[in-house]
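Record features (TrEMBL):
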{"type": "DOMAIN", "residues": "96-224", "note": "domain 'FAD-binding FR-type'"}
{"type": "BINDING", "residues": "Ser159, Arg179, Thr240, Ser302, Arg303, Lys312, Gly340, Leu341, Glu379", "note": "NADP(+) binding site"}
Amino acid sequence: MASPALGSQVAAAASVPVGSDCVFKGTALKGNTNLTFRSKPCIGMTLAWKNKAQQSRHLNKVFCMSVQQASRSKVAVNPVELENAKEPPLNLYKPKEPYTATIVSVERIVGPKAPGETCHIVIDHGGNVPYWEGQSYGVIPPGENPKKPGSPNTVRLYSIASTRYGDSFDGKTTSLCVRRAVYYDPETGEEDPSKNGICSNFLCDSKPGDKVQITGPSGKIMLLPEDDPNATHIMIATGTGVAPYRGYLRRMFMEDVPTFKFSGLAWLFLGVANSDSILYDEEFTNYLQQYPDNFRYDKALSREQKNKNGGKMYVQDKIEEYSDEIFKLLDGGAHIYFCGLKGMMPGIQDTLKRVAEQRGDSWDQKLSQLKKNKQWHVEVY
């Protein structure tokens, strides 16, 4: 999907071998303009059209890069100067003086049977609000703070779901993964718009060209350590907590980053309600197929799968399945990350403690050592 700010020249943000077919759910791209697109879009490629008229005709189409082509030839990124900084950018824009960015696209990325709506939102910051993978942006929704009439709304933080180069690979956009917060009255079962999430609904309802006030970037705890390209990274997410991991994995497996050539292991555990709720599945499945020695991908679908005791399968149950392997990897220096709703952590901590005790270890001592070694990364909300 193109933004008016992306320029007037034709630019494809991916390298595709000449003469190859780019397949979209049974429809080949070569010589065919009547494309069939997935109901759950893959956000992997951005085009800039020849002119405004052509852009307008195509603006509402979701263009999905071929899963196979995305892996055969990694995507060139620019500007590579984004690799030069020794320290991550922090708080370049603050709540009193936010940056005015522009919405490029808003796409629903869950299926019809998903409980609730989750959107992938691309924002054009013009290269003026650079960030690193694992950081967050603040968003200030328009309107007055209902608790402080006359004052603007407070900042809401969102984990960034793209690499520093953005979905257009040019360093000018960022992507957010946002679930629309909707409140239902427990007695009537009906939606109460007055209690809906102000910022998530603003973002999910936005249209291309709309302006959005952003702050940041912020955060250091979830930064991807890159000193050892052969390291192991165990990533655990519930729902939209997968956002930073999408950035990590694109940097590892999709982008041709001159200063970072990943050769280790990335292992993603994703917990969602059902198959229609899985986020970015096309991208992750692609990595699994193309980099089987470097990527593992396990899903916990609470409404479709059962754990070993016959109950619902949550992400901590999936962790328990592989607990021996996980603990051995941690003993070997692996990094482990947790991102999602804060309610995920007690169950996960209980599982890890139980497994540690079964191994004859003290979980408290183990956790203290992981934190001391900077192997333990948590961002919950």
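Glycine is no exception: its Cβ is also placed from the backbone N, Cα and C atoms.
Unlike curated records, TrEMBL annotations are generated automatically.
Among the binding-site residues Ser159, Thr240, the residue whose Cβ has the fewest other Cβ atoms within 10 Å is Thr240. Per DSSP, the domain 'FAD-binding FR-type' (96-224) is made up of 11 helix, 52 strand, 66 coil. With a cut-off of 8 Å between CB atoms and residues at least 6 apart in sequence, the same chain places Ser136, Ser159, Gly219, Ile221, Met222, Gly241, Pro244, Tyr337, Phe338, Cys339 near Glu379 (NADP(+) binding site), listed in sequence order. Counted within 10 Å of its Cβ, the other Cβ atoms near Arg303 (NADP(+) binding site) come to 14, all protein chains included. With a 10 A radius on its CB, Gly340 (NADP(+) binding site) counts 25 other CB atoms from all the protein chains.
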